[in-house]
Each structure stands twice: as structure tokens, then as C-alpha cells.
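One structure is given here, and the rest of the page talks about it.
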């Protein structure tokens, strides 16, 4: 499929469709086909960046798409279903949700199950992830901490196929995500980055964009409700996105992600560029979404204190391996020396 290049304040040019749901494609701008290998037999196992400038980066993207560009766009990085028929959508949802005994069994298990996930750096040839095993329970916030370069962001990208989870397997509701249509998957698994791009236009234009790709227009009341969920004043609807502060832009991006009604939220250091008040606003929004929507959230952070405030489980990733998974209250009892080091420095 053709891609529409966009000029951002980055060295790469992410696809137009990826930006529609706050997702950035891999550095080479492509999404590789999933491995055909099957996931390993699941057995009970362990449940288991450098500082950035505090400046806002806004992509001036027109909110109206010429008709001749609407369908050919590579929508593989967009959460909405795009132009899929109602029949296709229903089939995808049935495939993901499961039915009968299998569906009930999936509902009883973890929301996300990772087994044997390994990834090697193409540039350096070294392993970024080394056989990661991790279970993410339903309706909880899992905080992922670890030193820079330990594979935290790579793990997040594998959970919705921005990086292909191969070798290894990632299961969503018991289903291998490589067997799920990528558009259906990213509609269910939303992702928010440190500095999301804003579309040119108003705040409401940004929030409406994902559903608009599905042919649905959110009402003013729906947009305002989403802004409230993201801890924003609904009166911001008509404000130009170019005039938003960094903290406001981050929360508008959160509302834009929520407009796709995801079941899982992936957050890659969403508060690293924010002031303390904006950070608190984002944290409160995450907790509220867990309580009101039952969202399963996986959040990468360098702040142990932040994870202790909002997470139900902490996953410590060191050199590409999960070395500890435990409740925040038990971090002081962690056996791995890196966990103790993190606590000493927090």
C-alpha cells in the first residue's frame, strides 16, 4: 500500500495513519509480516531513553483527506477498522473475543500473555529482549521499570505489533495477536507516546479523527466526555491544537486514543516531558480509566515513585529480561540488586 509521508521534527517520517492513533511505526517506516511460527506450549511460568527536551512537537497535518488518498493509505498502524465491512468487523471481533467454552477460558486468564519474546537489534546485532515471559491481568495497571536500554519501549511496541513479536508469542484474550487483523488489534490496544503529534485543527478535530476514519462522527457531547475522562476542560473543544501546552497535548492525545474505545492502553513514558501538575493530571486520568472503564494498562516509566502511586503490579526489566514482577508495596523486598538500586535512587 502507498504511504503518505509527513514532515515531523524527527529524523524519520512516520506514516500518516500511525499518527491518527498516536502510534509511531518502526524506524524504517515498515511493519513486517508476522512470523508464522506458533506460540510455545503455555505452562505456568513466572508472571512475569535518554532525557528529552520539554518542548512540544506538533505535526501540522490537514484534517481533511482528499478522496483519492483515503483508501490507498496504509492503515496498518491505525486502531480504527477503516473501510472493513460490517461482516468482516464482526468476524474479527468474534475471533478476538472467542465464544463458548474457549471464550470463557480466555476471560478467566490474563488479558495479555507474553511467552518467549525475543528481539535483536538490527543495527547492533545484540538482543534487546531475551525470552520475555509476562502475564498482564485484566483491569490492572502494570508499571514497567528498568534502566535505559533494557527493552521497555520495545516490549510495548510488540504488544500491538508495531514491532512483530517473533520469535515468541503475545496472546490477547488467549489469541495469538499474529492471527488477529492488525486494524482490529490496534483498535483494541491503543498506544500513547511521550510526545504525540497533534493534527492541524481544533482539539475536537483531533479527538474525532480516529472514529472519522471509520465513518463515524462523534457528537460534541461525546468529545467533551472523552476530554473529561482525560482530565481536560470540555471547553477546550474549539481551541486550536497548535496552542496547547505540552501537558494539554498529551491529554488530548489520550482522549484521541480513548475515542477508539480500546481494551488495553500502552503508555510509553507519557509524563516524562510534563510538569508536576500535568503529571498528576495524567496519573489521575489513568486511575480513573481503570475504575470507570476497566482498562488494562501497561505503562513504562523511569519514576519508581510514580509507579508506586498508580500501578497494581511492577515489572522490572533488566538487559532485556523480566527479573521481578511484584506489587509496588513489595518492591523493598525484591531480590534483584537492580530493584534495590532503583529504590535507593528514587
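Backbone N, Cα and C atoms are what each Cβ position is placed from, and that goes for glycine too.
Region 'Disordered' is the annotation Swiss-Prot gives to one range among 23-48, 49-74, and that range is 23-48. Residues near residue 150 (ATP binding site) in space but far in sequence (CB under 8 A, at least 6 apart, same chain), listed by position: 317, 318, 319, 320. Summary of the ATP site environment: with the site residues 146, 147, 148, 149, 150, 151, 152, 153 set aside, the chain residues having Cβ atoms within 8 Å of the Cβ mean position are 317. In this structure, of the binding-site residues 146, 149, the smallest number of CB atoms within 10 A of the CB marks 149.
Within the same chain, the residues at least 6 positions away from residue 151 (ATP binding site) whose Cβ sits under 8 Å from its Cβ are 119, 128, 129, 132, 317, 319, 320, listed in sequence order. Fewest Cβ neighbours within 10 Å among the binding-site residues 147, 148, 152, 153: that distinction goes to 148.
DSSP assigns residue 150 (ATP binding site) to coil, not to a helix or a strand.
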